[in-house]
């Protein structure tokens, strides 16, 4: 009920379309591809990270998702350049996303955060720069604080520099997005171009996705394979209640049955479901076989009954990434399994 009320309130603010346009835009850049390569927890070793990113680009991935907080930007950057060289591509042939971390939310630190990311990646610009969370915590702060409005205003200034093509957000609640919509209507700042959030069959958030479509805001799904991420997997095995509601996603009988019927792998079925909803999905793997397998989701054809069966897995939503308790703030207010 909470998400429904928040959804109605958000859509009711305005039926506007997103017209975010950078003042200085790299004209040859591509649009965001439906499948990308994620790099969260891709840090077994710097060489593995570099080689995995390079292999992904060489095999056809045109979107690389990274972040300051992931602690692997230099290795990812080397992988981007290595992959471009091997694939015979130019920088403008791929889409690169990175994120502003919580310790650089102060308006006078936002551009410094971007500059450090570009330096670490050895890139001149990003296709998309996201605010990683709606809360910040500077070096002198004892607690996290909601400072996203001022941080967002500072991020809009980055569009004038030519260092970013688009800006967006991650992990916002309906009320927080509504606040940015209100400022956009006043002409203070543009709407986010993209909202990246946790999305998978156990947390489908269909109404929340629709609210973004009403405003022309694209949606990217992180952790599209759900609790297959090792960060979540161990936890899901430990908790009996979570395990019964959400067994490891690629071992779910519904997913495995559809995969067998469609001649796809379970991972391809889940990623094809995500892409079918109009979201961009960004799976991660350190293994070459899985990297190729995930990109093959583009060719996995699902029927209406398949999609309905996967949708039903989210009837009791399970969210795996929620640092609210550790940070002392309430995140995802009004959303499923907050």
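The backbone N, Cα and C atoms fix where each Cβ goes, glycine too.
As given in TrEMBL:
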{"type": "SIGNAL", "residues": "1-16", "note": "signal peptide"}
{"type": "DOMAIN", "residues": "34-314", "note": "domain 'NADP-dependent oxidoreductase'"}
{"type": "ACT_SITE", "residues": "70", "note": "active site, proton donor"}
{"type": "SITE", "residues": "99", "note": "site 'Lowers pKa of active site Tyr'"}
{"type": "BINDING", "residues": "132", "note": "substrate binding site"}
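Fewest other C-beta atoms within 10 angstroms, among the recorded positions 99, 132, are seen around 132. If you take the C-beta of residue 70 (active site, proton donor) and look for same-chain residues 6 or more apart in sequence within under 8 angstroms, you find 39, 40, 41, 42, 43, 76.
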